[in-house]
Structure formats: C-alpha cells, structure tokens
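**Student:** Structure in structure tokens, see below.
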Ligand code: 16G
Ligand code: MG
C-alpha cells in the first residue's frame, strides 16, 4: 500500500472509532451485536470486502443483517465471489481488524495482511462490492458505514442493492461473477420460471385436493414476506397467503419466524384455530431459513413441525426417484449412465429418525459441525449434495460436470425419445438446479421446491410429515465461565476438552433407550448448548437436564449445586 492509500484509511477510520470494551468475533455467520455498537465493525468489513475483491479479482458481497435475532441487533457478513461464505482462511483477519483498538494499529494490520496475501493495488482491476441489507431500521446508517469502508480503498466501488434477503445477495454475487443475468428481477424470473416448468412436469393423474392447495407463510415481519409478495405475482396459479409481512405493524422476529417456531414448537403470532389442517411455513428474518408445520387440532397454540430434516428428506427422496428413472433405460444406453454421486449432509442436531430414514433409502449421510459454511463445503464434494440444518437452512448443490452431462443427455433424448420418462427426469433435475439457490440456503427457493414436489407427489403436509416420526428431543443452554473451554470433535458429537466430561455424558446417555446427547459452544451467543433425544419426551427432557447439570459442574458457576 502506498502512503496515499494508508492515509486515506487512517483518515476515514478515525471517523469510525471502536466503542470502548467491544470484542467481536466473526463467528458462525459474521459479526453480530447490538446495532448501536456496530458502525466501526461494518466500516471495517467494508474494507475487508474490498480487499477480498482485489485479492480474487472478482466481485464480492456485503450483507447487513442479524437474521433471526432481535430487531435492535444487527450484523454484517461477506459473500465470497462464489456466492458462498467468506473463506475461513480470512476469518482470523476479520476478527483482528474488527477488534483493532486505534486507527494507526488498524492501518498497520491491513498493511501487513496486504503484503502477506500479496494483494496488488495496481489499478488494473479495482474492487467491486455489492451491498445489501435487511429491513432493520439500523440498516440504513450501517450501510453508509460499509460504503465509507469500501470507498477508503482507492478505486473501489460499492453498488447498493437496497433491501434484499441474504440469499438474494449471495445469488447475485455468484451470478455476476459467472456473467449470468443478476438483477433482482432476474432472480425472481429464474425462480418462478423454473418452478412453473417443474410443476408442468407433474404427472397428469396427480391432482391435489382443494385444502391442500393452500399455503400460509409467516414472513417473520422481515424482508422475506415482501419479496414473496413479488414472487407470488409471477407464479399465477399458487394459493399463497402471506402473514407477518412487516406491513401489519408486527416486530421483526418477535413471536414469529422460523427460529421461534422451530425452537418453541408453537404457532407464530397471527395463526389460529381456522388454520388447522392448512399447510403453513415460516421464514426467518433474512429469509435463509424455512420450516413447515400445521396447527394442531387439539391444542391450537401447538404445531406439528416439519423441520429442515424433513425438507431435506423430501428433497432427497425426490432426487433419488429422478435418478432411478434415469437409470431405467431398457435400451442400449445403459453405458451412458453417469454414476451421479448423491450425498446428504447433516449436523449433530439432525433428528436421529431422519438420519435412519435417509440411510434406509440407501443414501450416503455425512456430518459436519454446525454452520452453513461447513455443510456447504461438504455438499460441494458431490454431484448432487443436499444439505440442511434442522433449523431450516439448506440447499441442493449440483456439480458442473453433472449439469453438463444432464444437458447433453437432454439433447440426446430430445432427438431420440422426446417426452419419455427419462427425458422428463432429466428436465426435472435441470429445473431443480435452476430453482434451488446454488450459492446458499434460500427460504424462497426452498419453499417453491417443496411446493413443486408436494404437487408432484400429490401429498398433503400430513403425508409428508409421516415420512418418519421424529424422536423426542430437548435443547437447553447453559451459561458458563468461558465457552471456548469446550473443544469438540467428530462434527461436535464428542467433547475432547475439558477432560472427563464426555465420559460423564456417556454414562447419562446409556441410561435412556435411543438416547443421544451432545454439548457445544454456541457460535452466536455466549452459552453452551445442550441437545438430547430419546424414545420418549420425558426421557429426552431428563437427559438434557442431566447433561446441562454436568456442563454447569465442569464449566459453569456451579449453580446446579
Ligand atoms: C448461524 C448459522 C447457522 C447455525 C447457527 C447456530 C449461518 C448462515 N448461520 O445462524 O447455520 O445453525 O448459527 O447458532 O451459518 P449457534 O452456534 O448459536 O448454536
Ligand atoms: Mg437467517
């Protein structure tokens, strides 16, 4: 960096001093905190996004959101040129600059990093960053801070895309870098046209009953509801009612949204008795999570949850079916079959019943730690990699080579056996790859795929829910002295530090039929999370309580006595 560049950063960063006592970590999904202390962080991440763009010679993205957290919180994260999460190799640097105490120190950190990474400021290509934000009121001033960050890098440009869902921003970054159509309208058009295409390939004899036509969506009073309103107009035939769109005066994520519904297993605000029997879905605050449910007829505050695991199972079942149709050649083309590697990726939070179900289908199921970046990376190793967290975040990734093969196969079948079952299966898989967001989990595209598959199968939410029965589970959190003292291995299923706690957990687990339990430090809150499941609810509750007690004994303040 030359002196001019250094003094530019020095000058602008003095406008964004780090508030006293703030210590932030990039965590599972970017920096998150009370919005009032975030300006300096967002400004610095603006610089980081510009450096990442210079380093990769590609466009990057910066999203301002705190997802399902309360409305007074906010956060910031970077989309890498692929449309995925910021490369993990840069996270320590993100932490270092976010916590740098003075402008001088900050400039020095950047200077050292630029040298180490060999980032060139030769002006041949300059940095370009797409900026997006969710509907939080604090988003506007934080977006300004991000712009100032970007503009402190000579020649860098920030393109303000306005209010977006997180997956829309990731989708746009990916599309732009691939020289594909990348506006918001292009996003809606791609989703709606591939959805209609997929529905048109529904076998004729399958028709749903009238009540199964209807879908009610809870928009968490966030950005997802208003975007779904736009998308809905382009779907013509679908009967979707959108509630909690934010326009009715409700508060973002308060008693609404996918996180609330999934954790509490209760109906969101605005849902009632007359909704019993209707298919319902909730998005989270930035529309990257999706869960389905129906209101219980015997207790209308409770729901029958159809979570991310079951969305994953529905997708896996459908994809597997299409692959088997492809294989039913019967002619002399068997040798042209491409052995597509289909893989399913889950975390330790996946209900044990879902894993059993998927394995019974003959699928390869692998586990990663919590956090989209880990699941996504793993799923990308397959020709078709399906990943979901139980909380509703996930997508389906298709490899380039498989897509090339599918396109070639489609051309060939068009000339030889147009309209055959095989060709329809090829076309369905291609439509899925266009519909489902390839950059990151996306509640809107996930919702359309669920709807298309339910229509294809002629299923009600009840049929879907009956794929398997969830094992009862319980989640708890425990405040501890230092959550980083817990180190886990094997996709967070065993604790390796502190010593002996895992042995104690094993003793508890062994007491319960189908018992399973693990603890892990949260990546977004200062707590240890406890998960337990067992054959009956009382057992899951009791196992969770015993393990929480152990966590407190080993790591906490000793409140459990
Ligand atoms: C973030 C992650 C989500 C994960 C959750 C776990 C992304 C985009 N989001 O919301 O995948 O399930 O954190 O939270 O990666 P926890 O570490 O507090 O349990
Ligand atoms: Mg989210």
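Using N, Cα and C of the backbone, Cβ positions are placed for all residues, glycine too.
Copied straight from TrEMBL:
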DOMAIN    57-90  domain 'Alpha-D-phosphohexomutase alpha/beta/alpha'
ACT_SITE  67  active site, phosphoserine intermediate
BINDING   67, 284, 286, 288  Mg(2+) binding site
DOMAIN    125-178  domain 'Alpha-D-phosphohexomutase alpha/beta/alpha'
DOMAIN    182-291  domain 'Phosphoacetylglucosamine mutase AMG1'
DOMAIN    307-459  domain 'Phosphoacetylglucosamine mutase AMG1'
BINDING   389, 390, 391, 520, 521, 522, 523, 524, 529  substrate binding site
DOMAIN    490-549  domain 'Alpha-D-phosphohexomutase C-terminal'
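So that I understand the layout, could you describe where these features sit and how close they are to other parts?
**Tutor:** When pLDDT values are averaged over the domain 'Alpha-D-phosphohexomutase alpha/beta/alpha' (57-90), the model yields 97.
Cβ environment of residue 67 (active site, phosphoserine intermediate): 29, 32, 75, 134, 166, 259, 284, 285, 286, 288, 289 lie under 8 Å away, each six or more residues apart in the same chain.
In the three-state DSSP reading, residue 288 (Mg(2+) binding site) counts as coil.
Across the domain 'Alpha-D-phosphohexomutase alpha/beta/alpha' (125-178), DSSP helix (H, G, I), strand (E, B) and coil residues number 25 helix, 13 strand, 16 coil.
Sequence-distant contacts of residue 391 (substrate binding site), defined by Cβ-Cβ distance under 8 angstroms and a gap of at least six in the same chain, are 258, 259, 262, 289, 291, 307, 308, 349.
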**Student:** How would DSSP class residue 389 (substrate binding site) in three states?
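**Tutor:** It is coil.
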**Student:** Filtering 67, 391, 523 (recorded positions) by proximity to ligand 2: which pass a Cβ cutoff of under 6 Å to any of its atoms?
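**Tutor:** Near the molecule: 67.
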**Student:** So if I take the binding-site residues (284, 286, 389, 521, 523, 529) and measure from each Cβ to the nearest atom of ligand 1, which come out below 6 Å?
**Tutor:** 389, 523, 529
**Student:** Quick check on the binding-site residues: of 284, 286, 288, 389, whose CB has the lowest count of neighbouring CB atoms inside 10 Å?
**Tutor:** 389
**Student:** For a quick check of understanding: among the binding-site residues 521, 523, 529, which residue's Cβ has the most other Cβ atoms within 10 Å?
**Tutor:** 529
**Student:** Which residues, same chain and not among 67, 284, 286, 288, have a CB within 8 angstroms of the centroid of the CB atoms at the recorded Mg(2+) site?
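**Tutor:** Checked against the 8 Å cutoff, the neighbours are 65, 68, 134, 165, 166, 222, 224, 258, 283, 285, 287, 289, 393, 443.
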